[in-house]
Amino acid sequence: MRLILLGAPGAGKGTQAKFICERFGIPQISTGDMLRAAVKAGTPLGIEAKKVMDAGGLVSDDIIIGLVKDRLQQSDCKNGYLFDGFPRTIPQAEAMKDAGVPIDYVLEIDVPFDAIIERMSGRRVHVASGRTYHVKYNPPKNEGQDDETGDPLIQRDDDKEETVRKRLSVYENQTRPLVDYYSGWAENGNGAAKVAPPKYRKISGIGNVEDITGRVFGALEA
């Protein structure tokens, strides 16, 4: 099972990625983790990436694709792998295709933006314990206070509505075009690509976690 997980920030990709990886015995591939590991190990690509990062630049797609190809050679990828958060752009997707990275499925978890804004901006956190609440779906007994200690709850900066809207805007402009890219490739076939087109699946990310997980496995095993 080799797949890419698509969806907006707050769509629940991280939660479902965990269940998919457990079900199929595959690793979750994170470009951030790969970069850190390569830099730490001092590999040729890691050294190249470190120079760019130390200069305050963005690591090129060529370096990232090289890291991806190295990572997929490791033994834990023999049964497949899951990409979450990569590719983010059409050029990255094209580079993966040109590099011959095989993908069986592209799965989109679809959640309307207004639902994501409500979901994320309603989160509240008790900093000391990490306990989380939601003003609508899991409210504390007393508004703004942790159930066990009575301490004040906070809204993380990442969960503030303005921040959520900015992240969704970046997704809309940069990453959502991948939906059309992969669904079009799946529908229209291979062209001159080095790898077979993936199957494209889209599920609703609205509902409880168990229901969404059921939809995920139904889509991947259909």
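Along the chain as shown, the residues are counted starting at 1.
Note that Cβ sites are derived from N, Cα and C of the backbone, with glycine treated the same way.
Source: prediction; values computed, not measured.
Taken from Swiss-Prot, the feature ATP binding site applies to Gly10, Ala11, Gly12, Lys13, Gly14, Thr15, Arg123, Thr132, Tyr133, Gly207, supported by sequence analysis. The 10 Å shell around the Cβ of Arg123 (ATP binding site) contains 20 further Cβ atoms across the protein chains shown.
Its own atom aside, the Cβ of Arg156 (AMP binding site) has 13 Cβ atoms within 10 angstroms in the protein chains shown. Sequence annotations record features per position, and here Swiss-Prot assigns AMP binding site to Thr31, Arg36, Gly57, Leu58, Val59, Gly85, Phe86, Pro87, Arg88, Gln92, Arg156, Arg167 based on sequence analysis.
Counted with DSSP, the region 'NMP' (30-59) comes out as 22 helix, 0 strand, 8 coil. The region 'NMP' annotation in Swiss-Prot covers 30-59 and is backed by sequence analysis.
Residues annotated as region 'LID' in Swiss-Prot: 122-159.
If you look up Swiss-Prot, you'll see 135-162 marked as region 'Disordered'.
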Assigned conformation of Gly10 (ATP binding site) - DSSP reduced to three states: coil
Integer Cα-Cα distance in angstrom, Val59 (AMP binding site) to Gly12 (ATP binding site): 27
Cα separation, Gly57 (AMP binding site) to Gly14 (ATP binding site) (Å, whole number): 27
C-alpha spacing of Gly12 (ATP binding site) relative to Arg88 (AMP binding site), in angstrom: 17
Cα-to-Cα gap, Gly10 (ATP binding site) vs Phe86 (AMP binding site), nearest whole Å: 16
Among Gly10, Gly12 [binding-site residues], residue with fewest other Cβ within 10 Å: Gly12
